[in-house]
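Record features, source Swiss-Prot:
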BINDING   48, 49, 50, 51, 52, 53, 54, 55  ATP binding site
COMPBIAS  400-418  compositional bias 'Basic residues'
COMPBIAS  419-432  compositional bias 'Basic and acidic residues'
COMPBIAS  438-448  compositional bias 'Basic residues'
DOMAIN    35-206  domain 'Helicase ATP-binding'
DOMAIN    236-386  domain 'Helicase C-terminal'
REGION    400-448  region 'Disordered'
MOTIF     154-157  motif 'DEAD box'
């Protein structure tokens, strides 16, 4: 009988059964590179986007390392949001059903802390949760985090954004000196460096460029909003799209609320994820989103980070993000695995610069507009810039010609004469260029 691809990691048979139950056919790139390193108890920094199989890249080896006979904490996984912590717990709990004798518990904010204290009477071998709640339980002595020999920090860049790195620091400081730490982050911001330097001795760096794969799976469209308001364009898009699930991203909570109000007034039912929701409202919204009550979900960047929503077929950028890293996070919600995705960005003239910065990251757009109920190609947004660059190049060429023409003839009125000569030659060059373009168009029309 052929070996299962995950057997290459020498995982115990119970975990291979768990992998089969998950229908994992073969390891992803990050799983191939991370699983052996954690099994060797390596300090590491893993840079990867969500949707790459990252969670099981660390959960599987952690489960293998846990000794089911020792009834005390052996590993800790911290996540920046309750939703992500709950998702990690669900994945780990599934694995624990195949490996007998392993206790996994989740500790997150927004729940009754007294009940959490009581749950600590039986210490779990794998602790999963948000850093603040784990800290609260550790400070009172209820949760014995100091006994853990492996700490995994997921979405570390979001820990920075949400101001949680001090809580993570407190947990790391309680560990023994020989404990190992693995840090996972989509980006490595400068603010994260002090923590990495403090706790990770000679870490291995593993970077998985999921962007290339994601870009293959995603169609990127740009829609200009010069002559129409963005809300109107969004409504027009909704008329022609039929997504399985679409996330519409806004730069701020206010923009998200305004857009939701407009769509609701137009009779469109939308879900909402932003920082203004209470923990209870947020939990209810996530449940409704996962139950597919909405085709469209409006989200702000920080509030939606750390939330893994399956089945996103479309992403609409209602606002172009000011932080270009957010663009990567946004579009990475769709086109995951072997699925195709569509990312549509609405932009106004004052957002042109940010679009150029995004293109500098290697993203390639098709510029389209909504015509006759379809997305049809229009002039690329950067054509005018290209013409300006061409004109600048033309001016330099002409100036060089003029200089050589009137060299050694410097007389009164030279500057004025020089300028007139430049303009004259530019007109001639443009005329010549225009003739060439027309000839090319005629040839193309004949071929067509």
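Glycine residues also receive a Cβ, built from the backbone N, Cα and C atoms like all the rest.
Because the structure is a prediction, the values reported are computed rather than measured.
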Same-chain residues at least 6 apart in sequence with Cβ under 8 Å of the Cβ of residue 53 (ATP binding site), in sequence order, are 27, 28, 30, 31
Short question: which residues 6 or more past the ends of the motif 'DEAD box' (154-157) have a Cβ under 8 Å from it? 54-55, 58, 77-81, 84, 88, 165, 168, 183-189, 192, 195, 305-306, 325
Helix, strand and coil totals (DSSP H, G, I; E, B; other) for the motif 'DEAD box' (154-157): 2 helix, 0 strand, 2 coil
Using DSSP reduced to three states, classify residue 54 (ATP binding site) as helix, strand or coil. helix
Sequence gap of 6 or more, Cβ distance under 8 Å: name the residues on the same chain that satisfy this around residue 54 (ATP binding site), in order along the sequence. 30, 34, 46, 48, 154, 184
Counting across all protein chains shown, how many other Cβ atoms sit within 10 Å of the Cβ of residue 55 (ATP binding site)? 23
Average the pLDDT scores across the domain 'Helicase C-terminal' (236-386) and report the rounded value. 86
Residue 48 (ATP binding site) falls, by DSSP collapsed to helix, strand or coil, into coil
Protein Cβ atoms within 10 Å of residue 48 (ATP binding site), excluding its own: 22
